[in-house]
Amino acid sequence: MAALVKFFQHPGVRRFSIFVVLTGVLYLFKSMINLILLTFIFTFLMDRLELVVRQFVSQFFRVSQRVVITFLYMLLAVLLTVGGFVFYPVVAAQIQQLVKQIKHIAYHPDSIPFFDEITSVFGDINISSYVKEGFNVVYTYLADISTFGLQVVMALILSMFFLFEKKRLSEFMAKFKTSKLRVFYEEIAFFGSKFARTFGKVLEAQFIIALVNCILTFIALWIMHFPQLFGLSIMVFFLGLIPVAGVVISLIPLSIIAYSTGGGMYVLYIVLVIFAIHAIETYFLNPKLMSAKTELPIFFTFTVLIFSEHFFGIWGLIIGIPIFVFLLDILDVTNKEDRSKGPRENSDKK
């Protein structure tokens, strides 16, 4: 018995045990995972935005944290309201037109470029059945959009109250250091700091990259006189949240619409545009926004996306890579550059 107690008192075993307990608790609350993830995402992004805005405004005059947070959430509420009344009808109409166009292409596959060559290699492809199945999946998600919308509103409210009372919350949580739950507090604080640093950093980078991809794609499609600009831009933004694979996936519908709009030359143009945007993402945005320890080989990226989508569904495509990077950070799996920088950084701090 003493040996068993000594075994669980080992720091590594204790940390792993608490991690398993935390994972089990999250599994018990899996029905609320949307609210939990949305609250964390909104809190993290708004906290970073508040810091940037306050640093900029402080160059001219002093402003409190609460004033900036209040302004940001009021601005967000105004944007959501205006977007709902002004842009929603336009976007909804364009998405309906986009759906009709995809249906037309599905039931007339001869309009797809190189369709004869594809069928000669892979055999007959019943595209209409795939499209029907895809629309059934989309309809299932749209049927729950009211529930998801309520979760978004609740997550925004929770994130606002969290940011308002961030100092009081940290002071309250610090009381657990001297409580009987000190061991749990120390390990949870360790995982929390790692989670915010890696998971939050990667998510923030994904949102910025998706926004830049969306803007660049919108400009390119506008120059090429594409139809349904807003609908396609929203599609590109959400696909851009999927690391690496999102850019490739967006190429398929864009190429089909490009062919129906301007023929083979437009397909070539859109391929060049997507490759140019992917090059900007790979060689400029990723090195600027992500640290060395978050860079993954393409094979690992796609493997993680496949498994995370299987276990977590649509959320897995967005949070799969951040969770994987978080686990790597816990295990201290870093690049040689990071390890060589670590001692120097620590010595500088001392």
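Glycine is treated like the rest: Cβ placed from N, Cα and C.
The structure displayed is predicted, hence computed values, not measured ones.
Swiss-Prot has this to say about the protein:
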{"type": "TRANSMEM", "residues": "18-38", "note": "transmembrane segment"}
{"type": "TRANSMEM", "residues": "67-87", "note": "transmembrane segment"}
{"type": "TRANSMEM", "residues": "145-165", "note": "transmembrane segment"}
{"type": "TRANSMEM", "residues": "207-227", "note": "transmembrane segment"}
{"type": "TRANSMEM", "residues": "229-249", "note": "transmembrane segment"}
{"type": "TRANSMEM", "residues": "257-277", "note": "transmembrane segment"}
{"type": "TRANSMEM", "residues": "289-309", "note": "transmembrane segment"}
{"type": "TRANSMEM", "residues": "311-331", "note": "transmembrane segment"}
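For the transmembrane segment (229-249), the neighbouring stretch richest in Cβ pairs under 8 Å, chosen from 18-38, 67-87, 145-165, 257-277, 311-331, is 311-331. The stretches the transmembrane segment (145-165) and the transmembrane segment (257-277) are not in mutual contact, being linked by fewer than three Cβ pairs under 8 Å (pairs 6 or more apart in sequence). Outside the transmembrane segment (311-331), and at least 6 residues removed from its termini, the chain residues within Cβ reach (under 8 Å) are 19, 33-34, 37, 141, 191, 194-195, 197-200, 202-203, 206, 241-243, 245-246, 293-294, 296, 300-301, 304-305. Here the transmembrane segment (18-38) has long-range neighbours at 148, 151-152, 154-155, 158, 183-184, 187-188, 191, 315, 319, 330, meaning same-chain residues at least 6 beyond its ends whose C-beta is under 8 angstroms from one of its own.
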